[in-house]
Structure formats: structure tokens, C-alpha cells
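Reviewing the structure listed below.
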Amino acid sequence: MPNASSWSASSPLLLLWEDSSGTRIFLSLLYAVLAISGTLSNVMVIYLVFSFKKLQTTSNAFIVNGCAADLSVCALWMPQEAVLGLLPPNSSSLRSAEYRLVRGGLLGLGLTVSLASHLLVAFNRYVLITKLPSVYQALYQRRHTGCMIGLSWALALVLVPLLPGLWTPGSTQQPPPRQTDGSPRYTALLLALAVLGQTALLLHCYLGIVRRVRGSAKRVSVLNFHLLHQLPFPAAPPPPRRAQRRLSTVSVLLLCCVFLLGTQPLVWVSLLGFFLRPAPPALQAASWLLLCSLSALNPLLYTWRSEEFRRAARS
């Protein structure tokens, strides 16, 4: 049986150096749960948006784009990892460089488009709530929206072949004394800086929304994020203004906290490995798993407070 370092160097599951059959089984079960729940939730959101006209808004188009990208991770990548974790360490499937590259491509494509969709949704909501209706309608015409979605996929298709080491984390987890090529460290640094910049822009948009809602006397529905082209929003008995501002702020901050929890551990683990010393393998594995788990949580993040989605699901 191969030793721990040879298994870890080729493992797509980010196993520890002292990996065991119990560790592989646990990770396989975790991937299976995330794959099933993520696939069902992403497919449900896509189905609801395409089936109900009221849900066919610009913001939901970006959400559907993110769900399609998340399916690449949940429906295509995670099931393979769940099965491979149950195979013996000397399996030929685990040692195939071409197969690892395909799995890395699926992961990279899905995560890149998913992160881009997060930013597109945040910017869309920021423009809607903080700018004039004429500005929003001019910027988010159907043609412009399609170009934004197309650019997110074009960016992913360009980055994935150029930086293969970026999306095959198992192949970069070599023991530090044997590492002679610094390219994995630089790809990890690029990943960290890209996610950090995307996070800064996303937080700027959502915190701008919070400031506008808290300081505005207008009724802006941030709770449900109904991004309709017809403004003002449909009349409904509003909650007390103070309670509405409080709940709106909590909803936005909760979304930001979940996003930060999923992305920032990998950012700081990558920066630590580049500037100081590699983080413990368990911490590296946990940071990647948190990032991948966002693909299963994203549909809930963007629809759990939407009354329109709940009505569509009940019907």
C-alpha cells in the first residue's frame, strides 16, 4: 500500500498525510451529502425561475447563472470525489493525470463562474437600490445582461487552461522539503488575491445597500430582493420602518457572513503558505471544503427570504 505522502500528493480529496480509510470514507460521505443537496437545490432554483414569469428578473438571471455553475461542482465534480474516496489508494483512476486535469477543470470552471455571479448579483442590487431607476434600466437591458453572463463564462474558460495548478489542489499539496517549483505557490497567491478583490467589491456593494436603506425614508424591499423593472415596488402592508431596517440589515449581513466564512479561510491559508510557511494539511483541506460547500449553499442564500420563490415552490 502506498505511503501517506504518495497518496496525498495525488489525491483530489485533500486528505491528510496520515490519511486512513476512516478519513476517506468520511470525506466521501460529506461530498455525497453536498452533491445531493446542492444538485437538488440548484436544479430547483433554475426550474422555478424558468417556470414562473414573476421570477424572471435581471437579478434572478445572475442567480440562475450561478446555479448553473454550481451544478458543475455539485452534480459533476463532487460525485466523482465521493466515489474516488472509496477506491483503494493504488487505484489507476487516482493516478491518471488526464483524469485529474478534467476534474480540476470542472472545479475551476464552476467556482470561477459562481464567484463572478456573486459579484454580478451584488452589483445589480447595489445599482437598483442606490441609483436612479433610469440608470438601472439603461444598464441592465437584456443585451447587456446577456453580455455580463457570457463574460463570466469566458473569463472562466480563459483562466482554467492557463492556471491548471490553481484548481487541482491535491496536486499542489507536496511536502515543503520536496518542493522545487514555485509555480503552485504563485497560483495559490493569485487565487487568494482574486478572491480577496472580489470579496472587497461584494462587501462594498452590500454595505452600500445597508447604508442606503438605513438612511433613506423610502420603502426599499431589501428583505425579498424583488428586482423588478417596474418601480416603485408593488404595494404591500409594510412592517414598521425601524423593524424593516433592522431585518433588512440582518439579511444582508447574514449573506455576507456566510460568503466570508466560505471564501476567506482559503484566502488566508494561501497567503500564509506564500509569505510564511504552509498551513497544516488539515487546515488546507478544511479551507477548500468550505469554498466548495458554497456551491450547495448558494441557492438558499439568495432565495430563503424571497416570498416570490416560496410561493412558486409551494405552487
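Glycine too: its Cβ is placed from the backbone N, Cα and C atoms.
Same-chain residues lying 6 or more positions outside the transmembrane segment (25-50) and placing a CB less than 8 Å from one of its CB atoms are 13, 15, 56, 60-61, 63-64, 67-68, 70-71, 73-75, 78-79, 81-86, 289, 292-293, 295-300, 302-303, 309, 312-313. Positions annotated as transmembrane segment by TrEMBL: 25-50 (among others).
The domain 'G-protein coupled receptors family 1 profile' annotation in TrEMBL covers 41-302. The average pLDDT the prediction assigns to the domain 'G-protein coupled receptors family 1 profile' (41-302) is 77.
Taken from TrEMBL, the feature transmembrane segment covers 62-80 (among others).
Residues 10, 12, 59, 62-63, 65-66, 68-73, 76-77, 80-81, 148-149, 152-153, 155-157, 159-161, 163-164, 166-168, 170-171, 195, 198, 201-202, 205-206, 259, 263, 291-292, 294-295, 298, 302 of the same chain, all 6+ positions outside the transmembrane segment (100-123), place their C-beta atoms under 8 angstroms from a C-beta of that stretch. Annotation source TrEMBL lists transmembrane segment at 100-123 (among others).
Residues or ranges marked as transmembrane segment in TrEMBL: 144-167 (among others).
If you look at the transmembrane segment (187-209), the same-chain residues 6 or more away from its ends with a CB under 8 A from one of its CBs are 115-116, 118-119, 122-123, 125-126, 129-130, 163, 165-166, 172, 222, 252, 255-256, 259-260, 263-264, 266-268, 270-271, 273-274. Residues or ranges marked as transmembrane segment in TrEMBL: 187-209 (among others).
Within the same chain, residues 115, 118, 185-186, 188-189, 191-192, 195-196, 199, 202-203, 206, 209-210, 222-223, 283-284, 286-288, 290-291, 293-294, 297, 301-302, 305 sit at least 6 positions outside the transmembrane segment (250-276) and bring their C-beta atoms closer than 8 Å to a C-beta of that stretch. The annotation transmembrane segment is assigned in TrEMBL to 250-276 (among others).
Look at TrEMBL and you will find 282-304 (among others) tagged as transmembrane segment. If you look at the transmembrane segment (282-304), the same-chain residues 6 or more away from its ends with a CB under 8 A from one of its CBs are 13-16, 30, 34-35, 37-38, 41-42, 44-45, 63, 66-67, 69-70, 73-74, 78, 107, 110-111, 114, 118, 121, 169, 173, 225, 255, 258-259, 261-263, 265-266, 269, 273.
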Distant-in-sequence neighbours of the transmembrane segment (62-80), which means Cβ under 8 A and at least six residues beyond its ends: 12, 31-32, 34-35, 38-39, 42-43, 45-46, 49-50, 103, 106-107, 109-114, 117-118, 120-121, 124, 145, 148-149, 152, 156, 292, 295-296, 298-299, 302-303
